[in-house]
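Annotated features in TrEMBL:
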TRANSMEM  41-63  transmembrane segment
TRANSMEM  117-134  transmembrane segment
TRANSMEM  140-161  transmembrane segment
TRANSMEM  182-205  transmembrane segment
TRANSMEM  211-229  transmembrane segment
TRANSMEM  266-287  transmembrane segment
TRANSMEM  299-318  transmembrane segment
TRANSMEM  330-350  transmembrane segment
Amino acid sequence: MVEEEKLKISVEDLEEDEPQKESNVSIGSALYWFKLLVTEMHWSFVFGVVIVYGISQGLGGALNRVSTKYYMKDVQKVQPSEAQVYSGITSIPWMVKPIWGLFTDLVPILGYHRRPYFVFAGLLGVISLLSLALHEKLHLVLAILLLTAGSASVAIADVTIDACVAQNSNIHPTLAADLQSLCALSSSIGALLGFSISGILVHLIGSKGVYGLLAIPGGLVFLVGILLNEPHMPDFNYRQVNEKFVGAGKAMWSTLKIPDVWRPCLYMYLSLALCLDINEGLFYWYTDSKNGPKFSQENVGFIFSIGSVGSLLGALLYQYVLKDHQFRDLLFWTQLIFSLSGMLDFLLVLRLNLKFGIPDYFFIVIDESVHQLVNRLKWMPLLVLSSKLCPRGIEGTFFALLMSIDNVGLLSASWGGGFLLHILQVTRTKFSNLWLAILIRNLLRLSPLCMLFLVPRGDPNSSILPTELPSSEVDNDTSEEADNIELVSLVNGMDIDNQKEAF
């Protein structure tokens with residue numbers, strides 16, 4: 001009888017219910033996919049991915065970025081050039097990620113490779129952020145140290161979960177792509193949510209109050225360390241640790257001396273270092289200048305959230321349209337467009353947008369979206385190129401080393417931009433030379449075009465490294481305990497720009 005009643009449903013009702021059914025099917029498929037990962041990988045691992053990528057890096061990173069800008073400007077009352085330098089200092093823990101990676105791979109604590117490092121990262125994050133939130137008049141030096149400790153907390157958790165993802169990808173190769181999708185979705189959704197509420201929270205409870213809330217992600221990372229399902233290795237031979245460190249170091253140095261490796265590495269560093277970062281000067285002008293748009297905290301958070309959508313669109317555009325283009329050609333056009341897109345800041349600071357009848361808010365949303373989209377298109381081929389420079393046996397650690405080189409380039413750009421703002425006397429109240437800083441920055445963005453000869457030309461899907469490379473002691477270690485320790489992928493390609501995206 002039930003089936004007969006179902007057959008009596010009219011065609012009109014079916015048409016009206018079609019969108020709802022499709023939505024239900026989509027939600028059901030997503031839930032089935034998530035349940036599959038939980039069943040195959042163990043729920044504690046999936047929980048760790050969502051917490052570290054989605055809550056700690058995505059949502060927490062977005063809240064931390066906006067709150068730190070207002071903390072430096074309104075609480076510590078530093079100059080834009082100084083804030084630029086301090087932001088570079090707090091990113092230093094991300095430049096030594098190979099060290100964190102080697103420790104979590106090679107040095108177990110109490111018989112566990114991953115769990116103790118999650119516990120340590122969580123405790124470090126909770127202590128540092130609560131100290132920032134609860135201290136009334138914190139000295140600037142101590143504040144920088146605590147912010148750096150908080151950054152180290154996120155970096156250590158990132159390295160550790162990356163290693164877990166790589167290990168599970170090797171154990172379940174058919175689900176490797178699904179794991180990367182879970183990581184990317186968690187990070188993107190968390191960042192979008194974080195930027196959407198960041199300005200509102202800063203307005204309601206202040207930047208220090210936001211730091212207090214950010215202790216919650218640290219506590220959740222600590223909980224991951226408690227709950228993570230990991231085999232126990234009580235009889236680890238610590239005598240091997242020194243040999244493994246030395247072997248990995250020798251292999252990395254031997255690889256770096258190969259021209260096909262150091263030339264692209266040099267280009268990646270210079271292309272990032274020469275793109276000076278003057279975002280703190282722009283941020284102060286956006287929010288404080290008498291002649292500027294005077295954006296509120298809510299507006300700033302919304303602008304960042306729109307920028308994260310532009311970054312996501314850039315990743316999709318690369319994946320489906322540009323990924324098969326030659327490295328050199330793609331880097332030429334993205335670098336050129338990156339320089340031209342910087343002229344939007346130039347037009348905004350000179351208030352030319354108002355002369356064309358374009359409101360500030362609408363113009364800055366376009367500016368941020370275009371900037372993040374182009375920056376993503378510029379970054380993606382560098383990530384792919386880096387992955388092709390990694391020799392077998394030390395892929396993970398060497399890739400982390402390359403990402404550290406890139407982060408040193410970003411640090412150089414941040415400090416160089418701070419020096420430029422200082423030379424041009426761009427301060428909390430003086431912005432008369434900000435247009436000149438933007439112009440110099442845009443011209444320097446063209447300089448990497450002269451160094452594209454360092455980048456290999458050819459099919460991006462083909463191998464770049466020579467067929468024979470120096471072997472590593474890591475590869476030749478045949479002990480039973482060493483077989484359980486793999487140098488795995490330490491860096492998630494989608495998280496670096498969450499830490500260093502420009503405003």
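The backbone N, Cα and C atoms fix where each Cβ goes, and this holds for glycine too.
Nobody curates TrEMBL annotations by hand; they come from automatic prediction.
Worth saying up front: this structure is predicted, and the values here are computed from it rather than measured.
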Are the transmembrane segment (182-205) and the transmembrane segment (41-63) close enough to be called in contact, which here means at least 3 C-beta pairs under 8 A that are separated by 6 or more residues?
yes
Can you tell me which recorded stretch out of 41-63, 140-161, 266-287, 299-318 has the most Cβ pairs within less than 8 Å of the transmembrane segment (117-134)?
140-161
Contact call for the transmembrane segment (140-161) against the transmembrane segment (41-63), three or more Cβ pairs under 8 Å:
yes
Please indicate, using numbers and ranges, the residues of the same chain that are 6 or more beyond the transmembrane segment (299-318) and have a C-beta under 8 Å from a C-beta there.
62, 65-66, 69, 188, 191-192, 195-200, 202, 286-287, 361, 364-365, 368-377, 380-381, 494, 497, 501, 503
